[in-house]
Every structure is written in C-alpha cells, then in structure tokens.
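Positions annotated as region 'Disordered' by Swiss-Prot: 1-52, 688-715. Sequence annotations record features per position, and here Swiss-Prot assigns compositional bias 'Basic and acidic residues' to 13-24, 688-698. Among the features that Swiss-Prot reports, repeat 'Pumilio 1' is placed at 99-134. According to Swiss-Prot, the feature repeat 'Pumilio 2' maps to 135-170. Annotation comment: Swiss-Prot describes 206-243 as repeat 'Pumilio 3'. Summarising the annotation, Swiss-Prot assigns repeat 'Pumilio 4' to 291-326. What Swiss-Prot records for 340-377 is repeat 'Pumilio 5'. Positions annotated as repeat 'Pumilio 6' by Swiss-Prot: 379-415. According to Swiss-Prot, the feature repeat 'Pumilio 7' maps to 531-568. For 575-613, the entry in Swiss-Prot reads repeat 'Pumilio 8'. The annotation compositional bias 'Basic residues' is assigned in Swiss-Prot to 706-715.
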C-alpha cells in the first residue's frame, strides 16, 4: 500500500503506516483516529481487497480524548431520547452542532463520532442539514471512499433528497430559532440562502471524475447507489430492511445493534429537478463508455460492482431508450443463440453473485420484457427442471421468471416442476422451500392450475403418512417436524432466545399451505392433537410458531359447507385450549389466539360460552393485564358479565353474518335438512295455488257485477 502524502501525515503516523504496510490496508483508521481519502492518488492498490482507486488514506486530525468523551455522551443521550419535549431535544442538537462546528470532517471519519454525526443528520433541521452538507463540499470524493464517513454520507444524501423536494414544491421553511441564533453569521446566512439543489449539483461535479472507479469500491459503491436512486427519482428504501439496496448486510446488522433507525424520509421517492436527468445520463455514460462486452460482463459478476450495475440497468431507460448498458452485456432481442453469451448466462445461473444479478434484472422494471423472454427462450426454457435443482443459484431465477413471464410460459414451468416438486424440496438441508411457495403463488395466478396434483406433491413431501381423504386422530406430528422442525427449534428454550430467520421462513411457508387449501388446516389440527399439551402451549407462546396456531383457527365458508367430520375435529381441537384461556389471554402472543377463537367458535355457542366463562372466573387478573384487557374488550365480556342476553344477541348476529357472507340474508345460505326442504316446497306450492285461485275469483266477480263502494270500516 502506498504511503499517505504530506509531511504532517508522515511525521504523525510514520510508525503506524510502516506497520500497516505489512498487516492491514486500513490500519491507519484503526484506533479511533480517522482518516480522509486523498483525492490525487493515481498509483494502483497492491491489496486484493481494494480496487485500483484514486484514493489512499489521508489524515484529517485527531479527536482528543476529552472531545471523544463529550461526543460519545452526546450520542448516548440522543439514542436514549429522554428529553421532556421536542424543543428540549432540538436545543440539545443545536448545542452539539455548535460544539462540533469546524470539526465535522474529523468527527465524521472517526469510528465513534461518526455514529453521532449520523444521528445528528437524521435529527437536524433543514437549515442545520444545509450547514452540514456545506461543510462537506470539496471533500465528498474522500468521504465517499471512507469506511465510516460513507455511512454518514448515505444518510445525508437521503435527507438532502427530501429537502430538494421541499424546495421544488415551495415547502422549505427556515427554522425561526436557528435563523435568529445565526442571524449575524454571514456564512450561515449564505448557506441558508443557497438551494439544496445547487449544493447537490456541486457534489456531483466533484464526484464526476471518479464514477468509473467508485462502482468497484467497497464503500463508495454504496454512496453511488443512493446517488443513482436520487437523480433518477426512484424510491429510497429503508437502510435496515433485509432486502434493501442501500446498505451492505454488515451495515444493516450494525445499524440495528447501535439502534440507529431511519426517519420518515426513507421508504419513498422524491420529486427531482430536471437538471438531475442530465446528471443521470452523465453517470451512466461515465460508467459505460470505457467498457466493452468483456469488461461489462466482468462487472456483472463482481461482488461490489454488480449491485450498482443492476441499478444502472434499472434506470438507464429514463435517459437512453437504446439501453446501451444492457446491450453491452447481452445481445439484441433479435440475435440468435451465441456461444459466448450462452457461456456467460450459464455462469450467471451457476454463480452466487451472477444469479443475484440475473434475478434482480428480471424482477425490476428496467429491462424490457422482450429482453428477458429472449434469454429465457434461448438459454433456460429447455432445462427448467435442471435449474430448479440448483438450490443456491438457478432456483431463484426460476422463481423470478414465474413472476414476470407470460401465462403460457408460466404454465410450461409449472408443467415441468409440479410433478417433481416433492423431489426438489429438501427437508434436511432446508432447500427450495421458497420454491414451493412460489409455485403455489403461480398456480393461484393461473386460476389454480394443476392444483390437485400440487397439493398431492406437497403432502407427499411433508406428510407422506397422512390420509387426506380420510383424516384420523392417530395422525402423527410429521407435518410440524418436516416443515417447522420443532425438535431443533428455539421452542421451549428458557434462555429467551429470539426466533430465528429460518423459523420465520418455515412458519410463513406452513401458513401459505393453510391458505392454499383447507386440508392443510385440518392436518395442522391433528398435528396439534398429537402434540403433548405442554408443547402446544409453548407454540402458542412462541413469537413465530404462535402465528401457525393463529392461522389454523379458520372455519370453512358457509358457501362450501362444513362436513360433519370436520365439525367434530374442530370441536376436538377447541378442547385443547380448555383450562388455558386465562394464560393465553394474558400473553402477548397467546392473546391473538384467543381473539381468533371468537370467529373460530362460530356455530358452537357452547364452546364460546365456555371460553368466556373461563375469562370471567379470572376477571380481575385478566383486566389487570395489558393484553388481557384487549381480549376482554374484543370478546365483549362486559356484556357477558352484566347483560348476557345482549351478548347472546352478538353471538346470533355472528352466525347470521357467517351465512350471509356471500351476499344473501339470514338463513338463505344455510344448508337445510331434507324435511325442511320438503316442507318449504309444500308451502310454496300451496301459496301458489291460493294466489291463483284468488286471481281467478277476482276476475269472475269483476265480469258479473259492479264493484260495490265500501263504506265505514269496510272502505
């Protein structure tokens, strides 16, 4: 690694730099001292972890220990948010910003103080935000390439986009307290009078020479992503969401650990001035002009550059109808199969980074549909099943294609996969469960295409011993074990373990199965009956598995009719909760289950009465609980205790609404007994005969004599 330039840096950090050359490329920034990035370093990096960059680490200045203690305490205070009012917090922020005046650059490049700067950016007023942005002018290329300041810069850019929109729609108003406090400061007045758009354009001018290298830089590439989203007017997603394009996986985890939360400026798109369209064209041109097909394809499979290239393909249609970047990577839509392109697509389908790239360009709206259809037709259509077996790469492409292709092609994919679905899903290795969910969604979108065969395949995989046509009570818990894997889960742990992402994924899949077909609901009932009651209650109190129980509390619609066998199983399933209603009602997760029991006990008034009686027996304790009070209210327990007749009227109304759900009234939808149908037929026939005889009698009387004028009561 080349040494930083400048006598000050060399003298202050001579020993540290010499050590860092042998150990770590970023060691200059290790001990809380922070670094800027030089703007004029043309020598290539020797480390494998960096691209050839124009920047090497340069020192801004040390933050002394007293300052670090002050700013660290300020960051903790803002994080705790113990202010009595918004005015108190605003005053505290003003004092911290005043203390940091002139020190912004060394604070933002300090590991500890950069967290404070990011909080200040999130909480600053519009005028304060402009001041921070102005302090960074002239240093944006350096800050974008720095490990710590790049994160602050990302947040600053999102807030700047919101401020630019305010200026466009004339909603920008200066904070009166800030204006009065700095009224005599010429610099602040100048900054306040400068538009955010003009400062943003100055930043883009400073970054313009570096676009082609930023795309491959570990930190600057994230800043570049946000800039592309802003100038194209696209939505700026949350920086903490799992699938966010703004942050790396490590950054999202770190933000959650230090409890930095996004404000209302995230998760939305903003109006942008017309000048931004030209800047978008400049960025795309700067990236694509030095590239040929070989280098463009290498960027597509580059770990750092690939996400940026995905964004460029997504937005290039705004300024380039010819889609030049797309055609650098792939051939035109009319081109036949090409051996070089075929080899590249095969690599995309086999490589983790490449498959992410191909999945993203299929899912987003940037690439034209005819481009996607050509790639599918030439290189994927004949081997759909083979690609679906690639559990870490190709299967995600198939899932993306199910969302985008025309109905005929979707049905072709379903024809290939559904007969082999049970062999594609691996329970032990947790593979292709999401494929099952995607196939269900695709089947629903095609009017339940091959529904029965799909259900058969799913049962064959997850409950091979279950008899769908004749469910019996001797069913085992195989569905739970195969889908949820309860034996190796956090269920029943006493260490307050958080549910894992894998448990959430599996629970959502089982919920999807229950939504798809009612036979899975009945199977879940029987699996619950096969569990020890203690284990079932643990599921009800679990942060994830409680949702499975909750989704199992559904009754067949009146239009379909509930078979007697299913009604009996529903009663037996309800018996599992007997004696546990109080515990469930007072639990944060179990209370939702008790709420669902109100609808689940429709047409079973005795069970509904029994549940309400259990709560009434523990009335004081239920009402002392936050969650219990909500359940008490949702079950209208005050009526049950004081006016039970009115409570029973509610129960009757629920039954009427259940039968009227298809738009008919009362008992019209109710399935009648044979004797009731016969009596109704006799009554209608008799009524018709009486009306006909009455009409014939009136006609006869009218033809033989005049109608007599009624008098008195008979009038």
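The chain as shown is numbered from 1 upward.
Quick reminder: no glycine exception, Cβ is built from N, Cα and C everywhere.
Mean pLDDT of the predicted structure over the repeat 'Pumilio 6' (379-415): 96. Ranking 340-377, 379-415, 575-613 by CB pairs under 8 A with the repeat 'Pumilio 4' (291-326) puts 340-377 at the top. Sequence-distant neighbours of the repeat 'Pumilio 8' (575-613) (same chain, 6+ residues past either end, Cβ-Cβ under 8 Å): 528-529, 533, 536-537, 540-543, 546, 549-550, 553-555, 621-622, 625, 627-628, 630-632, 634-635, 637, 640, 647-648, 651, 654-655, 658. Sorting the repeat 'Pumilio 8' (575-613) by DSSP state (H, G, I as helix; E, B as strand; all else coil) yields 26 helix, 0 strand, 13 coil. Sorting each residue of the repeat 'Pumilio 6' (379-415) by its DSSP state yields 29 helix, 0 strand, 8 coil. The helix, strand and coil residue counts that DSSP assigns across the repeat 'Pumilio 2' (135-170) are 27 helix, 0 strand, 9 coil. Per DSSP, the secondary structure of the repeat 'Pumilio 1' (99-134) breaks down as 27 helix, 0 strand, 9 coil.
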